[in-house]
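Written below as structure tokens is the structure these notes are about.
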């Protein structure tokens with residue numbers, strides 16, 4: 001493995017990465033679970049599915065939060081997670097108001 | 001497996017910080033959680049025999065209900081029927097109801113009246129303060145002993161929810177930075193390479209072998225703590241779609257005399273599902289339009305939704321089912337799936353075998369957090385007699401909090417039978433004993449330092465654990481003037497207390513050896529008076 005220069009290495013940026021992972025990770029988890037809730041197996045009315053949906057939010061959120069520290073900088077974490085949110089929420093809203 | 005060194009360093013820092021901030025809380029939660037697997041036998045051990053009334057056959061329950069409700073005003077609105085052999089030691093008698101307190105959640109001043117028939121077939125009844133020792137251990141498990149409420153939530157539950165989110169991150173980061181050396185040193189337990197290596201190997205071995213259990217516990221605890229908020233968020237996604245169906249039952253008012261015979265409930269449950277026994281029937285608000293019946297059913301080796309049972313809610317007079325946690329078609333595919341998450345936290349799916357496995361996993365979890373703290377301390381200590389402030393404070397906290405909570409629980413259990421003899425408020429007694437001992441232990445650790453208090457507290461834990469079977473023995477010898485008789489079901493508690501006494505006795509001896517004969521440049525070293533003269537050469541062992 002080639003030696004990485006200082007800029008190529010992971011920068012600490014604890015606060016921005018933690019906040020990006022905690023906040024944007026959670027909103028992303030809600031969007032993914034929202035799509036699953038409405039358009040996943042059984043649709044929105046399957047019995048007890050609301051409980052399953054609630055249970056699925058935290059693992060998605062915590063995995064994103066755990067791996068947020070792999071972003072090279074805090075700014076990249078915000079940008080990439082922000083874009084992922086835009087895509088996920090746009091998909092959710094598009095499906096909700098067109099289907 | 002090769003991982004870039006900057007990633008390893010990043011995740012090592014994350015593991016250290018998430019671990020050291022949550023380890024003490026999680027230690028208490030895991031140690032107490034392991035004990036909750038046997039909260040019934042523990043409560044059974046504590047409760048006097050004369051608080052228990054004789055079991056009766058299923059055919060006698062109808063007569064018991066009619067006679068008891070006729071005689072006792074307090075029973076006519078609601079009561080619980082407990083069926084042998086599932087009679088929980090926490091409410092032993094065939095019929096119980098609250099004369100004071102009761103309801104949802106933990107209440108320490110509930111007065112329970114119990115009723116049964118004696119051998120002559122006459123109605124007998126006793127009223128006692130309900131012993132909630134098992135539930136208090138459960139409360140310690142869920143809150144780590146942090147008191148207070150925020151709204152209707154326990155503050156301790158919310159704190160443990162946050163701690164569990166950090167614990168999840170600690171698990172992920174721990175695995176990441178262990179990966180490069182995992183294959184090489186996984187099953188090695190190097191005892192000869194110094195204490196540090198031994199603690200590290202123990203920590204890694206436990207962490208990796210029980211990783212699925214730990215990931216599951218971290219996830220479920222976050223959900224248990226924050227489900228209200230998560231449902232709140234989901235309601236935005238559901239919009240106008242209702243999240244929960246409302247089942248309106250009959251609104252007609254009936255009288256207790258119209259209750260169907262209990263055999264009808266057995267039939268109704270038998271028609272719904274196979275392989276389940278009725279544990280209890282709890283009737284509430286019988287004389288109102290909101291009359292309810294909650295049935296606890298236990299399945300042999302089944303994943304169950306509550307700690308030890310599944311639940312069926314039905315109308316007590318019409319027998320219309322309004323809700324159930326059974327794996328039946330009405331609950332769809334998602335009901336049983338969600339139920340499995342609960343069951344995997346509670347460890348209720350494999351009877352006593354499952355309970356023992358969860359007990360060991362819980363205790364191993366406590367060891368994981370304890371060794372994690374020890375590693376933090378060892379890593380930061382300097383090769384010098386005087387250690388830094390942060391290290392000594394963390395060492396005192398680790399000893400005071402961890403051993404203090406173990407000692408607090410051991411003392412509370414031991415105190416039980418003696419508190420009954422003193423005639424004090426039993427549940428308040430438990431709480432006072434636990435917090436008194438916990439705070440005293442913490443104070444002792446800060447006063448005397450980590451090394452001395454570690455020896456003393458472990459020795460005390462051993463002594464108090466030994467007191468449990470001794471108390472049983474004393475009671476057996478003098479049972480004519482006490483409330484207890486030796487019962488087979490509680491022998492387990494005595495044997496386990498003896499095992500714990502031996503473990504802590506051995507640990508105290510080891511700690512003592514290290515304190516007087518181990519490395520002097522350590523937080524665990526106690527300089528003996530003879531050797532403490534300056535210039536005296538105490539050769540430090542090399543690690």
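Just so you know, glycine gets a Cβ as well, placed from its N, Cα and C.
As annotated in TrEMBL, transmembrane segment covers the listed stretch B:397-420 rather than the other ranges in B:325-348, B:397-420. The transmembrane segment annotation in TrEMBL falls on one of the ranges B:459-478, B:519-538, namely B:459-478.
Most Cβ pairs under 8 Å to the transmembrane segment (B:20-38), among the stretches B:155-183, B:397-420, B:426-447, B:459-478, belong to B:397-420. Residues 23-24, 27-28, 31-32, 35, 42, 45-46, 48, 133, 136-137, 140, 145, 366, 370, 373-374, 377, 426, 429-430, 433-446, 450, 453-454, 457-458, 460-461, 464-465, 467-468, 471, 475, 482-484, 493, 497, 500 of the same chain lie 6 or more positions beyond the ends of the transmembrane segment (B:397-420) yet place their CB under 8 Å from a CB of it. Within its own chain, the transmembrane segment (B:204-226) is flanked in space by residues 29, 142, 153, 157-158, 160-162, 164-165, 167-168, 171, 174-175, 178, 182, 185-187, 189, 341-342, 344-345, 361, 364-365, 367-368, 371, which lie at least six positions past its ends and keep a Cβ under 8 Å from the stretch.
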